[in-house]
Structures are given as C-alpha cells and as structure tokens.
Amino acid sequence: MEGTLFNTRPVFPVPPNRPTQQPQQQQQQQQPLKFKPTLLPLTTYSPPPPPSFHLDSLLQHLQHLSSSSSSPITTHNNLTLHSNNRKQPISGSGSRIDENQFSDEKFGFLSDKGKLMLNSIVGSPLHNLNDFFNSVKVELLEVDFPSLLKALGISGNWERALLLFEWVLLNSGSENLRVEKEVIEIMVRILGKESQHSIASKLFDLIPVEEYSLDVRAYTTILHAHARSGKYTRAIHVFEKMKETGLDPTLVTYNVMLDVYGKMGRSWDKILELLDEMRTKGLEFDEFTCSTVISACGREGMLEEARDFFAELKLNGYKPGTATYNSLLQVFGKAGVYTEAQSILREMEDNDCPPDSITYNELVSAYVRAGFHDEGAAVIDTMTKKGVMPNAVTYTTVMNAYGKAGKEDMALKLFSQMKELGCVPNVCTYNSILGMLGKKLRSDDMIEILCDMKLNGCAPNRVTWNTMLAVCGEKGKQNYVKRVLREMKNCGFEPDKDTFNTLISAYGRCGSEVDAAKMYGEMVKAGFTPCATTYNSLLNALARRGDWRAAESVIMEMRTKGFKPNETTYSLLLHCYSKNGNVKGIENVEKEIYDGHVFPSWILFKTLVIAYFKCRHLKGMERAFQQLQKNGYKPDLVVINSMISMYVRYKMHDKAHGMLHFIHESGLEPNLVTYNSLMDLYARQGECWKAEEMLKEIQNTGQRPDVVSYNTVIKGFCRRGLMHEAIRVLSEMTANGVRPCIFTYNTFLAGYAAQGLFNEANEVITYMIEHNIGPNDLSYKIVVDGYCKAGKYTEAIDFVSKIKEIDNSFDVQSAKRLVSCIREGL
C-alpha cells in the first residue's frame, strides 16, 4: 500500500490568488506527490515527550550548595539545638586560643576563672560542647553564669552561648544553675544582635517569658523575633502580657506591633487602636511608624486608607521622608497604578526628598504590574542618569516581569548584563530566576544558575527550597514534592509559613487534596496563623479542577475570619468559574470590579479577558479588554492573542486584523500563537495560500512552526480540495522534524470525504492502523458523514461493518454510535 497511497487524485485548478510559479515549479506541481513512508512518523507513533525535568541532578546541586553553607539551627528534644546532620563545627576552629585575647577593656567584668572557662568553650568544637559542659559542671558552678554568657555574646560566639543557655535549661534546678531574668535578657539581646529571629522565636516559645519580669527592651526583641518568624498570634499574646505586668511599651515596641498587625492582615481596626494609644501616650510617629502603617494598607489593597492616612500626616505637620514615600509608592505599585506612582515621585522631587534605589524599584514594580515591562526596564537607565545605581532588587523586579510575560531569554540576558555592570546578584535574584525557569521545566538552565550561585558564594536559603517545592507541583508528582521536602529538612531547613503555603499550593496542583489538607493542619499545629496567601493556595488547587462552589466557600471563610480577598483571590475564583464554564459567576466578579468593590487591577482585567475567552463569551471579552485600556493598562500578548483567536472563531476578520495592527502599534512582536491564529483566519476564509505565506513568515522571523502551524495550513488546503498541496505541506512538516498528530490525519480524511474520494480516505485509515496511529471515533465519523452527505448509506453501513476486521480496538459501542448516525441521516 505504501507508495500507492493517494496517487489517484484528480488535478485541481490553480486558484486565482495562488502565487506565480516558475515553469520548472509548475512541472513539479503536476507530478503526483505521494504519501511516502519517509514523510510519515516511525512505525509506532507517539506524541513528542514533554521537556525532561532533571530532578535528581537539581537536588544534588542544591544539596551540595546547602551543605557547603553554614549549618542552620533546628528544633530537637524540645530545645533549640544544632542540626545533627553534620558533625563538623559551624564556626570556630575548635582549637584553644590565647586567653590574653580577652582584654580587661572588654571583658573586665569576667573573673579569672570565667576567662579560663570562656577560653575553653571557644576552643571546643561545637558538636562536643554538651559533653564538655557535663564534664566541667563543677567548674561552671563556680563561674558567674550571666557574665560568662554575656562574654560569649560580646566575643561573637552566639552559637556557643545558645548551647550553654540550653544546657543550663536542661540542668535547671541544680545549685547556681537557675534561669534567672538577667540570663534570659542577655540571651535575648545576643540573638537579637545576631538577627537570629527564627531561633529566638522557637526558643521563647518554649520558655514562659511572661513569668519573668523582663525589661521592655527584652520584650521588644522577643516580639520582633516572633514577628519576623510569622508567629503573629504569639506576639500579640506576649504584648498583652507585657502590658499586664505594668510595662509601658516604647515607640519601638509599638512599631513592632504595628508591623505584626500589618503582616497578619485583617487588622486595620487594631492598627488604628495602636495609633490612638501612641497619641494618648504622647509618642510622636517616626518614619518607621508611618511607613509600616502605609505598608499594611498595601498588603490589604486599601488604597483609599493609605491616601487618607498620608494626607492626615501632612495635615498635622509631618514631613514625609523617603521611607514613607517609598511605602506609599509600594501601595500603588502593587496595584499597578503607575500614574499615581509617577505623581508620588514628582511630589518627592518637589519637596526636595531625594529618591533612592528603593523609590525607583517601586516605580519599576508599578510599571510591571500595569503590563509596561519595557517601560519598567527603561527605569534602570533613568536611575543611572540621576546618579542612583540600580541594585539587585531593581534587576530582579524587571527579570521577574520578563518571566511573567514569557520572555525568559530576555530575563537571562538582563541577568548577564547585571553581572557585567558589576551588580552582584543576591539570593532573591537567584530564587526569582530559578522559579521562572522551573515553570518552563528548563532544568538544565536551573542547574547553570545553581552553579553560578556556587561560583558567587551565594548560599541557598529557605526560599530557594520553597521555590524547588513549587516547581515540583505538577499533576501526579506529589512524591517528588515529598522527596524535596525531606531533603530540605535533611539540609537543616525547617518549614516556615511560606513553606506550608507553598506545599498546600504544590500538592493542590499535583491533585493530592489529602496532602494539601494535611499541610494546612500541620501549619496550624506548628503555630503559624493562616493568612490570605494560605487561602489563595487552597483556591489554586480548586481552580485547577473548576470547583467554584468549594472556592466560594473558601472565600466566605476568608471573610468570616476577617481576611480581605485580594486580586489573587478573585483571579483564582475567575479561573474556577471559567474552568467550569460558569459565565454567570464571571459576570458577578466583573460587576464587583466595575462597581468599585474590588480594585480594578491589571491582573484582574487580564484574567477577565482569559476567563471569558475560555467560555467563548465574546461580549464579556470585549468589555474587559476595553476596561483594561480605559484604566491605562497595557495589554500583553496573552490578552491580544486571546482576542485574535476569539475574533477568528466568530469570523470577525476585520477585528482580528485590527488586533494585529494593535500589536505593532504597541511595540510588541507577534509570537507563534499570534501567527497560528492568523493562519487559522486565512484558512477559514479559504485563503490557504496566504496561510502558507504566513507559515514562511514564521520561519523568516527565526521562530519554529509547531504541529498547530502546519495543521492549520493543511486544513486550509484540504477545505479548498487542494489535497496535492496539503500533502506537499505535510512533506515539509515531517522534513522539518515536526510529527503529524491524529488531527493531521483527520484533516486529510475530512478533505477526501468532502470530495467523495472514499478509496483515498480508506487508504488513510488503513495506513494509520498499520502504523499504530490509532484512528479515533472522530476519524471514523468523518468518513461515515462523508458517505451520508453523498447519499451513499449502504456504503456507509458496509464501511462500519468492515472496521472491526482491520481495527481490533474498535468496540461494539462505537459501531452502534456510527450506525445511529447513518440512520439519522436516512
């Protein structure tokens, strides 16, 4: 059969709009072009494999990087101990040092015995210290313990101080080894000075600090530790107990608590209460107070509250500084209101308040959130001209924007430029790039980034591991998530609040609701308060299966617990509705946006366009697209391509061409999705030659046509009955390494059946079966419909009866459905 397939086709006339060909080309065109074996896939057809993701190699690199950095501290036996995963010292050589180094100028409060003990502790390896303390218990009883602890802190040996402190806790009750108020205050100061917030939070969760009459400075440090560790409920409890003891909070204490309520969310009333308390006590707001309150508004999307608070500050004579302006910029930057951000920048300049790198970083963020990625990148040049050097945050923000826009290569190019200009990437930069590449399964590039981290001496942090967890969140990959979590813990990184949120989201994407619910329970058990991000993680799982009823319940629970749904919440709800085809639900969210109950951000309008697109609701799409532009936002290619695709579907050719013109006007470049949609437009119009011209244009731009591109052109020729040309395109398709799919063959079946060429159609069916490219129900229905339209009902019945002879997978139910179609035609 191979070699004779499709060789008896009639010659079709050249269409009037066909490109002029040279005589030699015309001669070649008249020769029959056959379906040769070399033009078709190998004997066993299989779809192209998905991009490989080298999890093992990635984990090995990440483990190596993590193990080569300092050992974290983990919880063990209900106390804060060093991780048992490694036995080498974390700091210090473990050799004895000269006691004379502890001069009287700095260590005069320490006795001679104390200096000897200090020398011995500093000279001992960390992993042997507990044994050492047990061996010198008598000597330790003779030393003033608070002074010894203080000396370890002053000498920079906070890890040894921590081990000594916990040893005392374990042995408390022995003579002279009691945990007194002074000892706790010293330990608090040591950990606070070293910014060991996570360790301090865990430690003082175990010690009932409320039972000790600590000073306000110690309480403030503990509150700050809980705040930095996400233990907001615990911080509030300690704060209330502190006030019950009669201690007056200082300005710093209030600022810490404002930060706690701001980060915890749904606490605007509490923030206002604290501000009133501060006014009553005569405390004047400083930059930290003002910027913290405004930042709290930004987290909740409360733009009006931020405006009002800022206006009240100025009305009362407060002159905002750079930090306060930056916080206000962040509020509008997060919302993507770049016009307001520009206005704030002008006000700063008018008030002689010099913008710094943070100011411009927030401006970049505002542009990016409004869809103006190139304008955001251009801020880098503006900063340089004004003498403000872009920093790692600036570059990271722009690179992250490129990643979200699907321009990973541009992000990597900017990354190289950043390093060439001498700006050293930080761990946040690396984490952002790893996350961006992970979404595209570009594991080889991820490994290169990890190697670059090693080269620059940048150690992975918990966020790096969280990023890896997020990357592994794919359908059916929950075991990968568990494995990464296990290795993360083995490297000494205990899950924090963000880790649990990431795990809930990752397991949801894997389709493992049981594991997602388990992580939620473990998060609460670990003392972390669920926040809006937690609920959004749950919504993310629901959005993937379109369970909008469950999603509405989650949002109702959010509101019940005082959380204000943000743009991510509503975006995920829209995805839920669109997945289920619930247009009414989408319209309800749209109404809330247009009525002003939900802030009309760029991401929400974009999601509205896509949601209506998935539901094939043209009017809703057009409304959302118009509102997006009306609010000053810039549509990206995803939005524009969705509009083009919808216009093509509804044969609104002028509007489709108008969107192509809009792409060029906006300074964007059409991508493969754009070209495929326009080729579909020409194919539907019967302008198959124009569709093929566009196929060539794709190649001229350096892009590689995919199976959709070729199938679209083939469909155009088949619809015109130009089967000879369709086979020629198939030849080019396979020669360029693009495999035909079942849609390709069904298109040929439709072309032959429409012309009554049933022998050729039967040959296609036979070829597909012999080469394990199993025809599906649609394949057979196309041929049956062709027979019925030609009035050949007997031949149709005969065709169905013979299918089983050549296709063993063809079942009785499929045969009954086809026979039913034939009878309906009769």
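Here the Cβ of each residue, glycine as well, is placed from N, Cα and C on the backbone.
What TrEMBL says about this protein:
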type: COMPBIAS; residues: 19-31; note: compositional bias 'Low complexity'
type: COMPBIAS; residues: 66-83; note: compositional bias 'Low complexity'
type: REGION; residues: 1-31; note: region 'Disordered'
type: REGION; residues: 66-99; note: region 'Disordered'
type: REPEAT; residues: 215-249; note: repeat 'PPR'
type: REPEAT; residues: 250-285; note: repeat 'PPR'
type: REPEAT; residues: 286-320; note: repeat 'PPR'
type: REPEAT; residues: 321-355; note: repeat 'PPR'
type: REPEAT; residues: 356-390; note: repeat 'PPR'
type: REPEAT; residues: 496-530; note: repeat 'PPR'
type: REPEAT; residues: 531-565; note: repeat 'PPR'
type: REPEAT; residues: 566-600; note: repeat 'PPR'
type: REPEAT; residues: 636-670; note: repeat 'PPR'
type: REPEAT; residues: 671-705; note: repeat 'PPR'
type: REPEAT; residues: 741-775; note: repeat 'PPR'
type: REPEAT; residues: 776-810; note: repeat 'PPR'
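If you take every residue in the repeat 'PPR' (741-775) and average the pLDDT, you get 89. Here the repeat 'PPR' (215-249) does not touch the repeat 'PPR' (321-355). Their Cβ atoms form fewer than 3 pairs under 8 Å, with each pair 6 or more residues apart. Sorting each residue of the repeat 'PPR' (215-249) by its DSSP state yields 26 helix, 0 strand, 9 coil.
DSSP states for the repeat 'PPR' (531-565), grouped as helix (H, G, I), strand (E, B) and coil, give 27 helix, 0 strand, 8 coil. Same-chain residues lying 6+ beyond the ends of the repeat 'PPR' (566-600) with a Cβ under 8 Å from its Cβ atoms: 300-301, 303, 335, 532, 535-536, 539-540, 542-548, 551-552, 555, 558, 607-608, 610-612, 614-615, 617, 620, 623-624, 627, 631. Through the fold, the repeat 'PPR' (531-565) approaches residues 264-267, 300-302, 497-498, 500-502, 504-505, 507-509, 511, 513, 516, 520, 523, 572-573, 575-580, 582, 585, 598 of its own chain, all at least 6 residues removed from its boundaries and within a Cβ separation under 8 Å. Sequence-distant contacts of the repeat 'PPR' (671-705), counting only residues of its own chain at least 6 positions beyond either end whose CB sits under 8 Å from a CB of the stretch, comprise 15, 17-19, 637, 640-641, 644-645, 647-648, 651, 653, 656, 660, 663, 712-713, 715-717, 719-720, 722, 725, 729, 736, 738. Beyond the repeat 'PPR' (286-320), the same-chain residues lying 6 or more positions past its ends with a Cβ under 8 Å from any Cβ of the stretch are 251, 254-255, 258-259, 261-263, 265-268, 271, 275, 278, 326-328, 330-332, 334-335, 337, 351, 353, 564, 566-567, 599. Residues of the repeat 'PPR' (566-600) grouped by DSSP class, helix first, strand second and coil last, total 26 helix, 0 strand, 9 coil.
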